[in-house]
Amino acid sequence: MDMENLTWLHGKPTASGILKANPEDFVVVEDLGFEPDGEGEHLLVRIRKNGCNTQFVADYLARFAKLHPRLVSYAGLKDRHAVTEQWFCLHLPGKEAPDLATFELEGCEVLEAVRHKRKLRIGSLKGNAFTLVLRHITDRQDVEQRLQQIAAQGVPNYFGSQRFGRGGNNLVQARLWANNEIRVKERSKRSFYLSASRSAMFNLISSYRLAQQLSTTVLEGDALQLSGRGSWFVAQADELAALQQRVTAGELNITAPLPGDSELGTHGEALAFEQACLAEQTELLSLIKRERVEGSRRAVLLKPQNMISNWWDDVTLELSFWLPAGSFATSVVREIMNQDRADDTDIIE
């Protein structure tokens, strides 16, 4: 998907700069949202890694602990071209924990290990704390103004280009699969292609809402989400004024669909709007229904938490913030500056 075609909330930036001049410029620390139990048949291992992707480390841990690879899990993928602190889970029923003091893998450091009663599954993560360094910024004044706007109004909650694969290949393959031009047997590829399809449709609807000044305007039949929650409800016509006040106050978020094999979830005016946005996506919608993917919804806008900016000099900015799981730091950066080098294809947040 071409991110250049998506609408900006604060207008296209005038400043340009570089993200990820080196891995240390992109630091991610997982926030599980809970404290490990301290007992149980699972061992949670927190590792700081640089230059290693998540699955590679998981497979290495399995070999080190003499476990089947399926017995090592994690909450989410992280970029190999960054410094990341991530939790891995080893299933050790009735077994002693391996001696992690002898664990050696270039670019990796074991920070702690603690027992836990439950398996760490994909998505069982509250969020991620990011510390980024943006370099060679051309317009400090514009960036500072945008940081104020982002703190007050947020950014579009777009899925980043990395969700669609290098050069958007996951979406290309999804369309070929949808048209029965290729067969996709590998489970991981099926998952990537379906995820890219749903993410692209979410981005499309969100972009249309922004373009029509509807990102914070409640339509009759909109699906609204309590801030910080996953559940949502439908806006009734006789409640629009009160609901609009709550959206304006930041208590509620307007959502867009990640389409599945069921209805979109909206009604009336909002449903008609979403259907119009997806009118040319029939092949992807058919694929999603054929594969019986469960639908969900996601907030159109995202407000970074605990955002702190620190200028090292007039052209170098250190920026830290927290995002809920599934949201992309690159979508925040997109509202701040244009990237001179679009080196984000491997960032998985």
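Just so you know, glycine gets a Cβ as well, placed from its N, Cα and C.
All protein chains considered, the CB of Phe26 (substrate binding site) has 25 other CB atoms within 10 Å. Annotation source Swiss-Prot lists substrate binding site at Phe26, Asn128, Phe328.
According to Swiss-Prot, the feature active site, nucleophile maps to Asp79, an assignment based on sequence analysis. Under DSSP, Asp79 (active site, nucleophile) is assigned to coil, being neither helix nor strand in the three-state scheme.
Residue counts for the domain 'TRUD' (154-302) by DSSP state, with H, G and I taken as helix and E and B as strand, are 73 helix, 22 strand, 54 coil. Residues or ranges marked as domain 'TRUD' in Swiss-Prot (evidence: sequence analysis): 154-302.
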Residue from Phe26, Asn128, Phe328 whose C-alpha is spatially nearest that of Asp79 (active site, nucleophile), among the binding-site residues: Phe26
